[in-house]
């Protein structure tokens, strides 16, 4: 029996062979979850919650009226609805089940409302996309891989454009936010990599066999920044001690302490995610230790 062939790609189709548009954009977002950027539809979600809330309020008012009506009924069976759930769930006549039907309707709608409310709360806590990832999507939409500008639907410009990046819709969220690293690491993984590629750094690597393009993993870049930060943290205190030991002038030593104090503050703000209070405490401790060392040197 002859094998049938078709023009459709197989499950192992390389990214570059995917059709430009949703297939290729979906592959790009799937390979980098930080770039999976979508609308939250905050206004629509809130509007739907308002509709559901209003409907529940009407049903609640109707239930309260039925409760009062049944509690004052001449039939002893109906008057027990509010005191024993057994009587409510086992009405004697078909006309006595109005409150039960209303309770079951409220139960179903309340379950849907609570689920929607919880999902909306989850969506509002999802992170906004970084400017770096937004710029990547904007550039990719206008690249040769995507047509360029092959998307023609109303969702084509929700991410903005290279010419007008601020034209993006305001309620975008990312499925996976980038790690909240220090400013130096964010610069390296964002602006630094752009400069690296513009200077021809992509020539040093081969395209990934999985994604079909050159990829630098964030965890490897963060490992490099960690090494750099560790080296600076090790060298800075030792270098200040050596310089203070070699300099004999008291005025020069005080100037060196002040200069290194500024350097320590800048390093804390650039290479760590320390708060202002923590940076102030570290610099104060550094000055105190430097003056203590200076005092010991003078006594000798």
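Glycine is treated like the rest: Cβ placed from N, Cα and C.
Values in this document were obtained by computation on a predicted structure and should not be read as measured data.
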Transmembrane segment per TrEMBL - which of 200-223, 224-247: 224-247
The domain 'DUF6594' (22-287) [mean pLDDT, rounded to integer]: 82
For the transmembrane segment (254-271), distant same-chain residues with Cβ under 8 A (at least six beyond the ends): 182-184, 228-229, 232-233, 236, 240, 243-244, 247, 278-279, 282-283, 286-287, 290-291, 294
